[in-house]
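Input: a single structure, listed below in structure tokens.
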Amino acid sequence: EGDSGTVVVQTAPGKVVTHRGGTIILPCRYHYDVTAHEPAQIRLKWTKVTEPMSFEDVFVALGTARRAFGVIFPYHPRLGRYTLNFHEAQRACEEQDGILASHDQLHQAWLEGLDWCNAGWLEDGSVQYPISRPREHCGRKDTPGGVRNYGYRHKESERYDAFCFTSNLNGKVYFLKTFRKLSYPEAVQACKNNGAAVAKVGQLYAAWKIQLLDRCEAGWLEDGSIRYPIVNPRARCGGREPGVRNLGFPDKKYKLFGVYCFKKAGEVPPGEPAGRPERV
């Protein structure tokens, strides 16, 4: 019940079970005294219990406005674009703290502005890509925007990129301040010395969207790529749109970059917030 006793929420008894990234219906009904509340004043908030007396937001709605939590990230390995069959794409996402995205998740990301001109595997074995700004080299300029679909492809012989989904960030991603630039082996050791590990691609994307991590400094990630997260675009920070910038996969011996580290939730120093999951 609400504080006034005029809003009542009812849920179904028992447990509802799914897998990470899966689709699930959580039964919930509510009713209220219409003489006491306008519909636009009713705020709905789903939370997840992570520890005793510790809660994390999953879904928030106020009237017709709503915000669901989660992040989709396109991925290709050091070998280059269009080098992954379906099974390799599954493994690549898992190695970077994600799973292959569903069509619904990719469609939602497109609605939120995702624009990516390379086709990638989804969890159902289809190959798709989201276009928000139609242009000639991405299916022609005169075609409408949307999620382009190549249909179901051969899982063994055909090769594309991957669209990964992540909803977890059980810890904190941070840029490790060092006195000099690092090679990849030095970056690994620097994070280890700091009680952490080099961050994975999915962890950096989640930190960008969940922690609002904004850092205009390029750093090593676990897969050997160089990236940095931008929430507030500005001059000399890689473009006018928010996002995770990708500088590719340089030779690991180059001492030209910093490093992004990931520290698990139980190991985050007191006073520093751990990340929150964005979508179940």
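A Cβ is built for glycine as well, from the same backbone N, Cα and C atoms used for every other residue.
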### Candidate cysteine (Cys216, Cys261) that TrEMBL pairs with Cys237 in a disulfide
Cys216
### Summary
Same-chain residues at least 6 apart in sequence with Cβ under 8 Å of the Cβ of Cys237 (disulfide bond), in sequence order, are Cys216, Ile230, Arg245
### Message
Sequence gap of 6 or more, Cβ distance under 8 Å: name the residues on the same chain that satisfy this around Cys117 (disulfide bond), in order along the sequence.
### Response
Tyr129, Ile131, Arg135, His137, Cys138
### Query
Counting across all protein chains shown, how many other Cβ atoms sit within 10 Å of the Cβ of Cys216 (disulfide bond)?
16
### Task
Run through the Cβ atoms and count how many others sit within 10 Å of the one on Cys138 (disulfide bond).
17
